[in-house]
Amino acid sequence: MYEQFEFSFFFFENSDNKVKYKAHLISSIKRWSIITCMRCFWTVQKSIFKARFFACRNFVKKHNYKLISTMTGSTEMVPPTMKHTVDNKRLSSPLTDSGNRRTKKPKLRKYKAKKVETTSPMGVLEFEVNDLLKSQNLSREQVLNDVTSILNDKSSTDGPIVLQYHREVKNVKVLEITSNGNGLALIDNPVETEKKQVVIIPFGLPGDVVNIKVFKTHPYYVESDLLDVVEKSPMRRDDLIRDKYFGKSSGSQLEFLTYDDQLELKRKTIMNAYKFFAPRLVAEKLLPPFDTTVASPLQFGYRTKITPHFDMPKRKQKELSVRPPLGFGQKGRPQWRKDTLDIGGHGSILDIDECVLATEVLNKGLTNERRKFEQEFKNYKKGATILLRENTTILDPSKPTLEQLTEEASRDENGDISYVEVEDKKNNVRLAKTCVTNPRQIVTEYVDGYTFNFSAGEFFQNNNSILPIVTKYVRDNLQAPAKGDDNKTKFLVDAYCGSGLFSICSSKGVDKVIGVEISADSVSFAEKNAKANGVENCRFIVGKAEKLFESIDTPSENTSVILDPPRKGCDELFLKQLAAYNPAKIIYISCNVHSQARDVEYFLKETENGSAHQIESIRGFDFFPQTHHVESVCIMKRI
């Protein structure tokens, strides 16, 4: 600093304004001197404060230690001012016995219920639990669990309260089956003996007597694992099971039922959906008889898309030397959760090497990808999902098959493309099936004589065997009751049209089709698919279905509307606009029968022209045999 001032002084001496700069220099030196002195002063004060603080703390620790040491014997050496604390076996020191800060009174943890969409599986379960309680003349208060006591059990994860709730229970009789394929039963509350508990039992059937292990408690029900079956339900047919992972995997919950029983169970699922979410329609008897569920031509080997996945350990853990589990969610066996965790994987994934619901070529692809993953899993920093999508090629009999297959298909250990040849007898063509793993690759499906191209990662129905049945059912129900040629359905609006499946397959029955889809890529594929199939009366629009009818100019009395929304169902604004448009017929296709029931009641009871329509039919279609899933088609017509 002083060298800087000397240089400045030399510079000032050789300038014309010597006096001015000398005065400025002196002022600067004074200012810097004052600042330096103040810094030194506060540094010294800080050191003194620290020394006094640590001396005081050490003094307190020292005397506190002497006091504690006398508590087990004589109190003669305790200072008089502190003697009363020893006599009363209490300490008035602001520090604890160990010299640490006084521990605060622990705060009680409160259970926070998560917000659940009412038509989601968790939301539907609430209705099913209430239905069970009603049938058993029980109130919700009589099955309410003390979740707070479990949350605040500080002894250990296996504390006395947890052990009382999470225990083995023998000879439990299953009373009902849920829409998710789980059994429902009642057991005694182990803590509040005057109460009962509703228990969910995976793979339990009405009439089963089983032994279970409760492992998780919710306010109004508990979850359990099925340990063994003591007495079998008349419905249970274990001889029908083909999946070696049954009872462990969440993929095929109903495999131990006859197919007729599966179809009837799914019909009841649709009935209960309208019972829970359309109670006014039930009370006013506005629902038609529920038709039998339409069977799938294939009950096994039908899925054209599967998505096995895996998890990797957190970064803090050491690198894996063994490949983590690659497969699907496990269900019903707690030891499997432990086994997978022991090798560093995620406790909810079951390692599988085949899927009985997937097509033959997808199982070949799964074998190929598992072998590839065995070599490359160390390159992954986190878990991922592997796409396996079937691709169809219409073969030219005059050319070798391998020359007609896409280069990006899954390959075996020899580097050859894995494929399966099948014959379409109805259309008199031969098809080659390959497995695609790139979500951006364009794949082809062949449905009801039409060819559809779309990105492998985009949505498309996964059971091609039942698709021609569904498209024909929709096509046959487009026409409103005949009231003369002027009232004939001439136009079709396909909301949520995707890549154009229902638009193109229904195009022959009407003069004009308008499809709308929020995805520009899907609309692009829909336009290309219409052109490739020689369909000229289809027009596709990019936009939200909620604003669809702003651009529709076809007369409503001659127009039918197809709805095929995602699982969450339709927006209320869209349903109001649909009612204002007042079409001649509405065909509502849904992969979530619960949101469908909710939407249908809202449309009929809450919208402007809803009362001008009535339900003509409700029918289920079994897109996913051996599972609890069912799709429903509700047809409404203008009166």
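Placed from the backbone N, Cα and C atoms, the Cβ positions cover glycine too.
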### Task
Return the residue out of Tyr446, Tyr473, Tyr496, Tyr581 that Swiss-Prot annotates for the same S-adenosyl-L-methionine site as Gln461, Glu517, Asp564.
Tyr496
### Query
To which residue among Ser92, Ser155, Ser410 does Swiss-Prot attach the annotation phosphoserine?
Ser92
### Query
Quick one: which of Ser93, Ser233 has phosphoserine in Swiss-Prot?
Ser93
## Note on the structure
Across Glu517, Asp564, Glu631, listed as recorded positions, the smallest other-CB tally within 10 A is for Asp564
### Summary
Record-annotated S-adenosyl-L-methionine contacts Gln461, Tyr496, Glu517, Asp564; largest Cα to Cα distance in whole Å is 16
### Message
Tell me the Cα distance separating Asp564 (S-adenosyl-L-methionine binding site) from Glu631 (active site, proton acceptor), rounded to the nearest angstrom.
### Response
11
### Query
In sequence order, which same-chain residues at least six apart have a C-beta under 8 angstroms from Gln461 (S-adenosyl-L-methionine binding site)?
Leu467, Leu501, Phe623
### Task
Write out, in the order they occur in the sequence, the residues of the chain not among Gln461, Tyr496, Glu517, Asp564 that have a C-beta within 8 Å of the mean position of the C-beta atoms of the recorded S-adenosyl-L-methionine site.
Phe459, Asp494, Cys497, Gly498, Leu501, Phe502, Pro565, Ile589
### Query
Around Tyr496 (S-adenosyl-L-methionine binding site), how many other C-beta atoms are within 10 angstroms of its C-beta?
22
### Task
Please report the DSSP secondary structure of Glu631 (active site, proton acceptor), reduced to three states.
strand
